[in-house]
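Residues or ranges marked as active site in Swiss-Prot (evidence: sequence analysis): CYS271. The substrate binding site annotation in Swiss-Prot covers ARG79, TYR218, GLY219, GLY220, SER269, ASN384, SER385, ARG386 and rests on sequence analysis. Taken from Swiss-Prot, the feature Mn(2+) binding site applies to LYS227, HIS247, ASP294. Under the heading GTP binding site, Swiss-Prot lists ALA270, CYS271, GLY272, LYS273, THR274, ASN275, ARG386, ARG417, PHE513, GLY514, GLU515, ASN516, citing sequence analysis as support. Feature annotation from Swiss-Prot assigns compositional bias 'Basic and acidic residues' to 364-381. Per Swiss-Prot, the feature region 'Disordered' maps to 364-385.
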Amino acid sequence: MTSLTIPGLDQAPTTHARLLSWVREVAELTTPDRVVWCDGSQDEWQRLTEQLVEAGTFKRLEKKPNSFYAASDPSDVARVEERTFICSREEKDAGVTNYWMQPDEMKAIMTELYRGCMRGRTMYVIPFCMGPLDADKPKLGVEITDTAYVVVSMHIMTRMGSKVLERLGEDEDFVEALHSVGAPLEPGQQDVPWPCNDTKYITHFPEERKIWSFGSGYGGNALLGKKCFSLRIASAMARDEGWLAEHMLILKLISPEDKVHYVAAAFPSACGKTNLAMLQPTIPGWRVESLGDDIAWMRFGEDGRLYAVNPEAGFFGVAPGTNWKTNPNAMRTIDQGNSLFTNVALTDDGDVWWEEMEGEPQHLTDWKGRDWTPQSDEKAAHPNSRYCTPMSQCPILAPEWDDPNGVPISAILFGGRRKTTIPLVNEAFDWQHGVFMGATLSSEKTAAAAGKVGEVRRDPMAMLPFIGYNVGDYFQHWVNVGKEADSSKLPRIFYVNWFRRDESGKKIVWPGFGENSRVLKWIVERLDGNAAAEDTPIGRVPSADQIDLSGLDTPREDVETALHVDVEEWKAELPLIEEWFASIGDSLPSSMRDEFEALKQRLGA
């Protein structure tokens, strides 16, 4: 099929020469039946969701307005880290945490995979913007995809459509993001509800600011504005331009006196990031408003402070474990509708359900389409099942969430899921020590990434799967950001662990969720000079007396266990840090080695 015969290709609502040329090149390679330029309108949403219902990909939910359920192919349920590549020109620029292939070699392989891969399908062109569209220099992208599921998800997760195309004008720069599920259809061939391919590649070309994804229709592999652009490509941009692109929530903490602090926090997947982002404090008079639950782009303002903006427009949250106790604000957000649910379970009356949601039904249809009862062996919802919902529906959304200038960050938190060793909260001695804390962040593996659940792995700044360049250079970039700033204006860095267990290893000693507001209160009191801490070998840690425990029904000894710094446990941690740093090799900054030696000295090791 020549380009002349592909309907829609020549009806482009733009005169942007590079965009037109790229779209034509992709269409000629992938040979779709038609090309559709997405405008982001409500009509487009209606049309595509109806198409997806007819195709069997979506089921319309009876109990949530304008909301839909999808079940993926059981082989396509999570990010595939072993099929995710950073194809920098030089292998050393990808570093030890990324898979690398020579860019031309990768392009040759993927070009053959893309050849004819959209046959029988529609090619959608999605202009999108990460972050507010009225920013001085917005970060623009265009995703080409062959699945309407991606288009409607991008409606929720990004600012997209005609307004972005206008902003692109005739020659504005943009990130090229090419996606195909890799499932061409022969004439008369019946489609499947969730097309995908056993061969998967999620590839990034950081110097060229390009993303090529093939074979997966799932979330982060297919919604290329999310991890691919906002973290992997953006982290490379941030290194070059002197800012930070991070896997962080942004929250606004308001004291009873209406004093405001903005906090950014980095946690690996399934460690409570979304719950903290939408926290409902249990201590009287304190309030939280949300600005984002997953990604923060931070750059210095004219006043020398670090300002954060959330590049996304929606929440793409892990469903299991989300309920009216753990995250009432997420439940209120999705209850308003206009949402997509993938790989959760379906109730008999046309609603969604997942593990730990209130009121377990006696019968469900599980994510694989089978009958499910409480006696069933398998879980009804996949552990990495997701809701995709507009941020604008969040009842505690901070009005500043859409401000292109961002909000000034007072504190940065790092945290992971550790049963031992790491105390409830720990303040860094200074910025460089805080970078060391982030660089050595560790967590037990979760379901969001394929692999063995439960093993402890290093997850620097919760960015292990998302750093778009060499991890050692990434640490150096963090150190440089601190060196080039006025240290009095830098955010203070803290490390938290909500998941410490008692000696039996069975009970999590800190109640978490809304009670985490007590830890946030201590943190902002530290910022304001109104709270004490004890200097320990690992940082500044409060005693139980220094945290507001009023009205908390957790035994004091449990709080003390949560805060305890066990020197012997920390000595056992040292070889693990040593091994991690050794794996990074020559690119590890000397400052990180210095911090490690200083920690050893303080521990008497």
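Just so you know, glycine gets a Cβ as well, placed from its N, Cα and C.
Within 10 Å of the C-beta of TYR218 (substrate binding site) there are 25 other C-beta atoms, taking all protein chains into account. When the alpha carbons of GLY272 (GTP binding site) and ASP294 (Mn(2+) binding site) are compared, the span between them is 11 angstrom. In this structure, the binding-site residues ASP294, GLU515 were compared by how many other Cβ atoms lie within 10 Å of their Cβ, and the smallest count belongs to GLU515. Across the range of the compositional bias 'Basic and acidic residues' (364-381), the DSSP-based residue counts are 0 helix, 4 strand, 14 coil.
Residue with the densest Cβ environment among the recorded positions ALA270, CYS271: CYS271, by other Cβ atoms within 10 Å.
Residues within less than 8 Å, Cβ to Cβ, of HIS247 (Mn(2+) binding site) and separated from it by at least 6 positions along the same chain comprise LEU231, ALA266, ASP294, ILE295, MET461, ALA462, MET463, PHE466. Using ASN384 (substrate binding site) as the reference Cα, a 10 A cut-off selects ALA270 from the recorded positions ALA270, CYS271, THR274, PHE513. Here GLY220 (substrate binding site) is compared against the binding-site residues LYS227, ALA270, PHE513, and the shortest C-alpha distance is to LYS227.
For ARG386 (substrate binding site), applying a Cβ distance below 8 Å and a minimum sequence separation of six or more within one chain yields GLY219, PHE316, GLY317, VAL318, ALA319, PHE341, THR342, ASN343, VAL344. Other C-beta atoms found within 10 angstroms of the C-beta of GLY272 (GTP binding site) number 22, with every protein chain shown included.
When Cβ atoms from all protein chains are considered, those within 10 Å of SER385 (substrate binding site) total 25, not counting its own.
Listed binding-site residues: SER269, THR274, ASN384; maximum Cβ neighbour count within 10 Å falls on THR274. Excluding LYS227, HIS247, ASP294, which define the Mn(2+) site, the same chain contributes GLY220, LYS226, SER230, LEU231, ILE295, PHE466 within 8 Å (Cβ to the Cβ centroid), listed in sequence order.
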